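Student: For reference, TrEMBL lists these features for the protein:
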type: REPEAT; residues: 14-48; note: repeat 'PPR'
type: REPEAT; residues: 49-83; note: repeat 'PPR'
type: REPEAT; residues: 84-118; note: repeat 'PPR'
type: REPEAT; residues: 119-153; note: repeat 'PPR'
type: REPEAT; residues: 154-188; note: repeat 'PPR'
type: REPEAT; residues: 189-223; note: repeat 'PPR'
Amino acid sequence: NLFDEMHEKGVSPNVITYNCMIDGFCNYGKWSDAVRFLHDMIKREISPNVVTFNALINAFVKEGKFTKAEKLLNEMLCRGIFPDTVTYNSMIGGFCKHNRLDDAKRLFVLMASKGCSPDVVTFNTLIDGCCRANRIDDGMELLREMSRRGLVADTVSYTTLVHGFCQVGDLNAAEDLFQEMISHGVCRNTLTYNIMLDGLCDNGKLEKALEMFEVMRKSKIDV
């Protein structure tokens, strides 16, 4: 292969070369080969960087291999490589997906303590995790914390919470958030409307659902 050919021709691979190989192995689920290349580059005194570790961590998290992912996170810190937002978002997203919300929140706290600022994706991921766990109030607190940190909640932030409130039957809170989107200049998309319409219909509020359907239609949002 090309990597072997580089060696044969006396061309030395660098960190970018190894990152490409590791990312490729991760994409095809060849974890052992990816880790082998990590060890090989370290052996050759080629220092892995945050991109190297992010590829491996993201791959392990997607497979639910959190012990290995956290081990890599700790190795990063030991090597003086600072995890970035991508690193933490991968871990937090994985924990939320596997219903480990408390672990996700623990990493959220660690992230801030290490000087890595959470972004909108971080918050949206945690909000989704809270809603999946029916901890909607925690999700609302995260929405408010976004504002306190100077981050602007987007359509995903609000739609996730609207869905969460509809799921637990709190239509009043869902409608309040739905209206808040207008006052805060947040776009309401087809999914947002569909969730509200579904919630209203499920709770017997058919007249209100019809009114909202007309608003949606006149807004030229895809029905």
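Along the chain as shown, residues are numbered 1 onward.
Every residue gets a Cβ built from N, Cα and C, even glycine.
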Student: Compute the average pLDDT of the predicted model within the repeat 'PPR' (119-153).
Tutor: 96
Student: So how many of the residues in the repeat 'PPR' (189-223) end up helix, strand or coil by DSSP?
Tutor: 26 helix, 0 strand, 9 coil
Student: As a quick check of your reading of DSSP, tell me how many residues in the repeat 'PPR' (49-83) are helical, how many are strand and how many are coil.
Tutor: 26 helix, 0 strand, 9 coil
Student: Taking a Cβ cut-off under 8 Å, which residues six or more beyond the ends of the repeat 'PPR' (14-48) line up next to it in the same chain?
Tutor: 3, 6, 55-56, 58-60, 63, 65, 79, 81
Student: Near the repeat 'PPR' (84-118), which same-chain residues lie under 8 Å Cβ to Cβ, leaving out any that are not at least 6 residues past its ends?
Tutor: 50, 53-54, 57-58, 61-62, 64, 66, 69-70, 73, 76-77, 125-126, 128-130, 132-133, 135, 149
Student: Quick one: DSSP breakdown of the repeat 'PPR' (119-153) into helix, strand and coil?
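Tutor: Summed by class, the stretch gives 26 helix, 0 strand, 9 coil.
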